[in-house]
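Trainee: Input: one structure, supplied below.
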Amino acid sequence: MFAHTALRQRCAKWLLATGLFLLLGACVEKPSTLERVKEDGVLRVITRNSPATYFQDRNGETGFEYELVQHFADDLGVKLQIETADNLDELYDALGKPSGPVLAAAGLVSSERRKTQVKYSHPYLEVTPQVIYRNGRARPTGAKGLVGKKIMVLKGSSHADQLAELKKQYPALQYEESDAVEVVDLLRMVDEGQIDLTLVDSNELAMNQVYFPNVRVAFDLGDTRDQRWAVAAGEDNSLLNEINEFLDKAQKNGTLQRLKDRYYGHVDVLGYVGAYTFAQHLQQRLPKYEKHFKSYAKVEQVDWRLLAAIGYQESMWQPEVTSKTGVRGLMMLTQRTAQAMGVSNRLDPRQSIQGGAKYFMKIKEELDDSIQEPDRTWFALAAYNVGSGHLEDARTLAKREKLNPNKWLDVKKMLPRLAQKQWYRQTKYGYARGGEPVHFVANIRRYYDILTWVTQPQLEGQVAEGNLHVPGVNKDKPADKSSPM
């Protein structure tokens, strides 16, 4: 009997101890989302691969959302890890996965149907949804004018939600939601007449309209709306609270305004300005820097007129120019490139030309040996503009299309595809403004042709005297087609 009682007492003590252990274990709190991020040392973010959010150019990762979320990661003292989603449904779904990203920064607008999936942050950018049509076609002036039109929008977007609401009022309204396109694709399709209308936010139109001369705003569809970041609905509020504090601070300290100005507040004044203006600048600007072009061209063994043409395309031979993306100087060098090339002052025209010459030849020497002149020069120019990685992506696409990846004539057909989702999703480096390097190379070739022609000994005096005839303006004076090598 005593043994039985002692056994029961030991069992009771064991059960009590076990219960206390389990109870204490239950009282130990799991780390919050914010604590997990800091412990891991990585902020995992999912976004869209597009000009207004995130993409890679010759200078590395860039985009409005990328820069803003990089500031947030820096504030947390952690590394930023970017993932991209092919479409909005994939983006929202990824947030709900245990091993997925903890934050979506993708130009999102609060959506009622998404509120079971995510919690939205404080706003950081105000945008207006706009109906886009092709210039020369009938312009719809209101919602009723959308009926009978071929309309396409991003699948799962707030624009699709708007059209769904309008369809209740106008049952005949038809539209297509696509997860195979991005905003750039939609604008291109309107520009080329493949679809009648699309809906985009005002910030994305502002960034891309220069590349699509036929697109116009028909009307604003509703009031302005706010873009926000998002976290999974099932997560605690620790990270969301930190995000809101950061965004509020960025609004007050000018960080947001600086990013808005960089990406949306400027008109790109560089580029082709006409042969007459170029002729004026030959006489007024080039003489100040010609000796530097010649000096460093000799060092790097490149035609000085090609270097001068690059300089004109980049800055119109203005040594103090600064672009919206932070590249500076006559040759428009990034800070990183300048440091790598030994340039301490990008606004010093001599140093800028030296760095630009060195950088161009470095790119050219790194190209595949199978690329021969004159294509090698055009490839190097394209890489100078868009980055070597994207150039290789275009060459890969050329191979798949059974074109010659070593010929500029073929590769330049592929570069614009890097701005189209159906193509860039197949590439290593993703989205790029692929049309830009095509125009970049074409402009430089024209400037080079003119420089080659006017620097013939018998014509150099005409430049100094202002009696210059420019090829393309005066048809009786064809440009010399000498190679730039």
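Quick reminder: no glycine exception, Cβ is built from N, Cα and C everywhere.
Pulled these from Swiss-Prot:
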- 1-29: signal peptide (SIGNAL)
- 30-267: region 'Non-LT domain' (REGION)
- 268-485: region 'LT domain' (REGION)
- E314: active site (ACT_SITE)
- 465-485: region 'Disordered' (REGION)
- 474-485: compositional bias 'Basic and acidic residues' (COMPBIAS)
Trainee: On average, what pLDDT score does this prediction assign to the region 'LT domain' (268-485)?
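Mentor: Mean pLDDT, the region 'LT domain' (268-485): 84.
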Trainee: Should the residue listed as 'active site' be counted as helix, strand, or coil on the basis of DSSP?
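Mentor: Its secondary structure by DSSP: helix.
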Trainee: Around E314 (active site), how many other CB atoms lie within 10 A of its CB?
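Mentor: E314 (active site) is surrounded by 25 other Cβ atoms within 10 Å.
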